[in-house]
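What TrEMBL lists as disulfide bond is CYS238-CYS240, CYS271-CYS274.
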Amino acid sequence: MKDQLCRALVLENRVRIFICKTTDMVQEARDRFDLHPCACAALGRTLTIGSMMGSMLKDEQEMLNITINGHGPIGTIMVDAYSNGNVCGFCSNPHVEDIHINDKKLNVGAVVGKNGTLTVTKNLHMQDNFSGTVQLQTGEIGEDFAYYFAVSEQTPTAVSVGVLVDPNGNVLSAGGLILQMLPDATEEDICICENIIQGLKPMSTLILDYEDVGLKRLVQDIFDAPNLLSTQEIHYSCPCSKERMASGLSCLKDEDLKEMIEVDKGCSVTCNFCNEQYSFSAEDLKQILEKKHV
């Protein structure tokens, strides 16, 4: 099963569900940044939730940014998510030392920290941007986003997310689930969803269990008579390009560009969000400098 995101309405259309498999995209992030296991789990969880949140946007030109900084050893986690469910992102310290619970489970909360904030900024294209910030609760990512939805968007939401990595940091399984109450949802609906989340296996286990039959079947097994809306492939995808990097270089002072041309004979620029490197020759930089004064 390729990475995909499934959307549905359940409990007589009073609750919406987003569920996704993100194993490949998290593995790509791992490969691009050489993520160590705890960093892979933390960034992977954020990428997974970002994909589901991006798919909540209404316009294809809208996007959102997630920034988490709990003042833990991993530093800042940042993810950009798009309305098609595609994401890209990074963390400040991809080689953060692993911390374990009982020498087994990765302690994501310890590397993320909880003495900081989670901020979601939505770029709504023609409308004013929306930004919401909440204090981190545990640093485990899933619980922090559930708190964000409740406080910042006033929407009762259950979140489950998981990334399973081997000791070398390779991703064995990754995925997430969001259950979100719609305006007609009842207190009973909230209790049902809470009980379902508590009774589920870890998301990484469920993704492995349903590898052969797909996410639609998983939704059907969790809820009776779901209204399946859509299923789409999702990817780790960064919109960076050499043209965008050239535009960034054009913002430098003339003397800095001239030094790169005359002394360095060119430069290399690396995208923070995907670690792609772009090389500019001295001739490339001359053209950038000339265009500044056209």
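Backbone N, Cα and C define each Cβ position, glycine as well.
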- line: Ordered by sequence, the long-range same-chain Cβ contacts of CYS238 (disulfide bond) under 8 Å (at least 6 apart) are ASP80, CYS88, CYS271, PHE273, CYS274, GLU276
- prompt: Counting every protein chain present, what is the number of Cβ atoms, excluding its own, within 10 Å of the Cβ of CYS271 (disulfide bond)?
  reply: 19
- request: Using all protein chains in view, find how many other C-beta atoms are within 10 Å of the C-beta of CYS274 (disulfide bond).
  value: 19
